Amino acid sequence: MSNPNHFLTMLDYDQATVYDLLKDAQTMKKEVKEGIPHPHLKGKTLAMIFEKSSTRTRVSFEVGMLQLGGHALFLSSDDIQLGRGEPVSDTAKVLSGYVDGIMIRTFGHDRIEELSAHASIPVINGLTNEHHPCQVLADLMTIQEQKGKLEGLTAAYIGDGFNNMAHSLIQGLSLMGMHVQVASPEGYEPDSVIMEEAKDVADKHNGSLSFSYSPERAVQQADVIITDVWASMGNEAEQEQRLSDFKDFQVNEALTAHAKDDYIFLHCLPAHREEEVTAAIIDGPHSVVFEEAENRLHAQKAILKKLL
Ligand code: CP
Ligand code: NVA
């Protein structure tokens, strides 16, 4: 369900719009480094609803609004009536009368779809169980910054295929014409509808999308290697089972030996060293995870500027 007035998934915009957002993000990043202010959203207010924990999303959106000359309100679901069962639809209508945009981190993607259907203001996805587009926009910005381009690069995603990062990466990397190679254990394959749709998107943009159960095959000749936690927020009860199911999917030196010599490593963070990735990789010379985290700020400002 694509809707250009919101930002719910990586397929809400076309490739040209994503390139525009990345360009704007780079401009604002440069301005911050040079001490040039950019108060494009003076007097605007963003409500930030969190039904799950966050470090990067919370801080980058709050600081981003400040840098744009606006204001952000942190609304933990423990403190607002939503957490006590007030309907999402009522919350959407009420907030639409007060603020200029809503960013929400929640559980099922249907919840954000309902919120956006009842809001008369833009809604931004700060992570659902199924999608994490703000992170992937920052990932694209980081890859472009490091490699000088996106189109034609090979990116491998190793790990949980049925989570927010996997789905948004599959969509976002395919949209930018990259060759996307996903590997997950049996039982953790990406959503089949998302895969089918993204395959068409990849074809249309001279990219490709493939899935295998072999991490070695997926990282062959990769320019970019990406992983994520084995148990996402909400999967905590399955932690032990997942440690065993994912044990052959760790990103380590033996695996990265199959990639290009100058590959870069991305992880949205938080990371669990010696689980999905070894310390040697995430703290090593190929890792760009802190550049990636910093880019959340600038990529999201580009989204805020566009939507608010
Ligand atoms: N990557 C990411 O979204 O981090 P937080 O959970 O800290 O917001
Ligand atoms: N897949 C992870 C991403 C955290 C930013 C989770 O949902 O917990």
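All residue numbers here begin at 1 and follow the chain in the order shown.
Cβ atoms here come from the backbone N, Cα and C positions, even for glycine.
The structure displayed is predicted, hence computed values, not measured ones.
Listed features, source TrEMBL:
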DOMAIN    6-145  domain 'Aspartate/ornithine carbamoyltransferase carbamoyl-P binding'
BINDING   Ser54, Thr55, Arg56, Thr57, Gln81, Arg105, His132, Pro133, Cys134, Gln135, Cys268, Leu269, Arg296  carbamoyl phosphate binding site
DOMAIN    151-305  domain 'Aspartate/ornithine carbamoyltransferase Asp/Orn-binding'
BINDING   Asn164, Asp228, Ser232, Met233  L-ornithine binding site
- Pairwise CA distance, Cys134 (carbamoyl phosphate binding site) versus Asn164 (L-ornithine binding site), rounded so that it is a whole Å: 11
- Note on the structure: Going by C-beta under 8 A and a gap of 6 or more residues, the same-chain neighbours of Ser232 (L-ornithine binding site) are Asn129, Asp160, Asn163, Asn164
- Candidates near ligand 1 among the binding-site residues Ser54, Asn164, Asp228, Ser232, Met233, Arg296, judged by a Cβ under 6 angstroms: Ser54
- Message: Going by DSSP assignments with H, G and I as helix and E and B as strand, what are the residue counts for the domain 'Aspartate/ornithine carbamoyltransferase carbamoyl-P binding' (6-145)?
- Response: 67 helix, 21 strand, 52 coil
- Message: According to DSSP, collapsed to three classes, what secondary structure does Arg296 (carbamoyl phosphate binding site) have?
- Response: helix
- Query: What other residues of the same chain, not counting Asn164, Asp228, Ser232, Met233, have a CB atom within 8 A of the CB centroid of the L-ornithine site?
  - Reply: Leu127, Asn129, His132, Asp160, Asn163, Met165, Val229, Gly234, Asn235
- May I ask for the distance between Asp228 (L-ornithine binding site) and Ser54 (carbamoyl phosphate binding site), taken between their Cα atoms and rounded to an integer number of Å? 15
- What remains of the binding-site residues Ser54, Asn164, Met233, Cys268 after requiring a CB under 6 angstroms from ligand 2 is Asn164, Met233, Cys268
- Greatest C-beta neighbour count within 10 angstroms, which of the binding-site residues Arg56, His132, Arg296: His132
- Which value does the mean pLDDT take for the domain 'Aspartate/ornithine carbamoyltransferase Asp/Orn-binding' (151-305) in this predicted structure? 98
- Message: Just to verify: the residue among Met233, Cys268 with the fewest other Cβ atoms within 10 Å, which of the binding-site residues is it?
- Response: Met233
